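In what follows, a single structure is set out as structure tokens and then discussed.
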């Protein structure tokens, strides 16, 4: 075993990681076995100066001293800044208090002394992360205002009174009146929509009922519009609409299971059972082009049916006359048959 192999086997994981990064053998966080394998391959690829390069890299990594992580340094520096700010604030407050206490106070007022208790935040270090310390508000002393200063502050200047008097009072009832107007307008819109639909009616003050489907809903314009444009309502409404005025061009669909469709005899196509669909189909060029031909065919069929009915009636009338004539001839030639006498009823004694 060569000196390089011994050095690689005895090297720590940290040294192997730095070796992998320096020589770019593999990823720095790879396993130790993987790094050693790549190092041996590096030695095979560089037989002349490979051993010296590896030993130099291992030696340089072993001499380096551990450096603290930048994250810990940032946390420590941030805490030091916070502590410095707290101490500076306490010093400024103490200086202001000492300056105000040095001034002469009236004889009838007692001198108020302020004791400043300077507290430094304690550090609590956990095993994983350092907790951030913030100075508590109780640690910063507050100077008690003197009676004279409070009296002077409580008095309002004439300019302040004038500006406050010039301000107009803010309207407090405006939002409520606006809400009432909006509610009244929404109610009128709902009533107008209900009047346009024969199958909609109010149930109380806040509900609307659809007689076509039996559905009840809130008396809200958006809710009602969404419902009357839905598939369920349209299907139920169209199934109850009579299309007799469009007959015989439009009749019920031959397939009884398709209740939502109509059959057009002119174009021989199925369309939706809906007045708008029927009107659109009638206005189409195909329907207008085939309608005259269909009318001619229907007139010819009707004429043939009438002629057939007349011939059938004539045949029935001729057969009836023949039966009457045959009956009259048979009655004239045949002898009159005497009606048999009824048997005398036996009277029981």
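Each residue, glycine too, has its Cβ placed from N, Cα and C.
Copied from TrEMBL, the annotated features are:
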COMPBIAS  77-96  compositional bias 'Basic and acidic residues'
COMPBIAS  135-155  compositional bias 'Low complexity'
COMPBIAS  173-184  compositional bias 'Low complexity'
COMPBIAS  298-319  compositional bias 'Basic and acidic residues'
REGION    59-184  region 'Disordered'
REGION    298-349  region 'Disordered'
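Across the compositional bias 'Basic and acidic residues' (77-96), DSSP classifies residues as 20 helix, 0 strand, 0 coil. When DSSP labels each residue, the compositional bias 'Basic and acidic residues' (298-319) comes out as 22 helix, 0 strand, 0 coil, counted as helix, strand and coil in that order.
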